[in-house]
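Visitor: When I checked TrEMBL for this same protein, it listed these features:
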type    : residues                                                       : note
DOMAIN  : 2-158                                                          : domain 'FAD/NAD(P)-binding'
BINDING : Ala11, Glu32, Leu40, Val76, Trp362, Gly369, Met370, Ile371     : FAD binding site
BINDING : His147, Gly148, Asn149, Val150, Arg191, Arg192, Glu203, Gly369 : NADP(+) binding site
Amino acid sequence: PRVCVVGSGPAGFYTAQHILKHHGRALVDIYEKLPVPFGLVRFGVAPDHPEVKNVINTFTQTAHSERCTYYGNVTVGRDVTVPELQQAYHAVVLSYGAEDNRVLGIPGENLPGVYTARAFVGWYNGLPENQDLKPDLSCETALILGHGNVALDIARILLSPLQLLRKTDITDSSLAALACSKVKRVWLVGRRGPLQVAFTIKELREMINLPGARAVLDPADFTGLESAIKDAPRPRKRLTELMIKTAMEKPVEMRAAAAGAAAPREWGLKFQRSPQEVLPSADGRRVRSIRMALTCLEGSGDSAKAIPTGDVEELECGLVLSSIGYRSLPLDPAVPFDGQRGIIPNSSGRVEGVPGLYCSGWVKRGPTGMIITTMNDSFDTAQSVLEDLQGGVLDISPSREGFGLVESILRSRGVRPVSFSDWEKIDAAEVARGKAAGKPREKIVDPEEMLRIIGH
């Protein structure tokens, strides 16, 4: 059986890995629109979290299997359509992730100085489409809308001492911009309360222990929560206890400040505030503040809803980053898509109404969870493919040409795929450049330059 996987992030690679491991004859081709593989492991994971990127070693092993082939620089839906892939393969798995972001839907969100978390993360992580972002970091106060791990990542990058970032694979140009940054205060604002934050204790602890930055949490936000979490699940309980402990600690004014040095950087969490409008400066050229509706919570736990109370407040800031979630987009008119939920309708990864078509990862279940969540989800989809192969749902008696057919389509459209060994040349060039600068790699951010390196 010939199986094709669209997308080379964690969902794509884990789906391929599971099929190859549990079917001794299956051939799997992975298509990726960029020349370089690994999706959000390369472009989403924070540069100062190198241990999370170790999964790349597993993915590389998968790509080296003689039954697996990688084709980069191929945009499915444009260079080759999904129906054309279905002609060439017995099964097609869509694992292309979430390439867009949710919008705030409020006035002023298009002002200069307002960025999505997705674009900002892409900028410091070397995602080609975000290289011209040039965020304005000339203000003192930044405001991040959202209480998830991505929001904490951004706050940490904005406030981290440069000597810590210099040792990471953060891009050269973003490091230069952060070196000139005037941002010294970051507020993370959420619509709901401390019991609904979506970040994990590991990221929170890392933020609390960030050198040269102090946490500013208002003890009043945590009144009565100790009794409320008595029966909460252990992770939620420990997370809330850490926030309470941090809020109650008297800030130790830094010795440096006592010695007359620059004031320390600081960050804090603000709760029960929903953005209403981003307000411009007098000249209309940048952000001055954001108007917030104060909310009260109806219900409890994860299902609590934030309802505006009618009161508003203004928070001054010169930089706004909205971290309210990623969003998947439809890939091809031939594929059913639920625009409301931003997913491909499916059951256990089988796309509804289209036999032989599957999906895994964020486009299957929405943009949530860690790499481990995506791994289990992808194994679940791969299992559906294997069951359909074994149960005869997928007829493999007609032989399919696989890449043979796709190659002639791509050639007719002037598209040249990039192989995994091509990627390894780009990888070697990045590592060599990084070594010269004393960092793990210097990412190449221009696809044209990537193609030049491999002589395309």
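Just so you know, glycine gets a Cβ as well, placed from its N, Cα and C.
Nobody curates TrEMBL annotations by hand; they come from automatic prediction.
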Visitor: At 10 angstroms around each C-beta, which of the binding-site residues Ala11, Leu40 has the fewest other C-beta atoms nearby?
Guide: Leu40
Visitor: Select one residue from Glu32, Glu203: among these binding-site residues, choose the one with the most other Cβ atoms within 10 Å of its Cβ.
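Guide: Top count of Cβ atoms within 10 Å goes to Glu32.
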Visitor: For a quick check of packing: other C-beta atoms within 10 Å of the C-beta of Arg191 (NADP(+) binding site), how many?
Guide: 23
Visitor: Please identify which of His147, Arg192 has the densest Cβ environment, defined as other Cβ atoms within 10 Å, among these binding-site residues.
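Guide: Of His147, Arg192, the one with the most crowded Cβ is His147.
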Visitor: Below 8 Å Cβ to Cβ and six or more residues apart, same chain only. Which residues does that give for Ile371 (FAD binding site)?
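Guide: Looking at Cβ-Cβ distances below 8 Å from Ile371 (FAD binding site), excluding near sequence neighbours, one finds Pro10, Val41, Val52, Val55.
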Visitor: Rounded to a whole angstrom, what is the largest C-alpha distance between any two of the residues Ala11, Glu32, Leu40, Val76, Trp362, Gly369, Met370, Ile371 that the record assigns to FAD?
Guide: 25
Visitor: On a C-alpha basis, identify the one among Glu32, Trp362, Met370 that is nearest to His147 (NADP(+) binding site); the candidates are the binding-site residues.
Guide: Met370
Visitor: I need the least crowded one of these binding-site residues (Val76, Val150, Met370), counting other C-beta atoms within 10 angstroms of each C-beta.
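Guide: Least crowded of the binding-site residues Val76, Val150, Met370, by Cβ count within 10 Å, is Met370.
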Visitor: Could you give the maximum C-alpha to C-alpha distance in Å for the residues His147, Gly148, Asn149, Val150, Arg191, Arg192, Glu203, Gly369 that bind NADP(+) per the record?
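Guide: Result: 20 Å between the two most distant Cα atoms.
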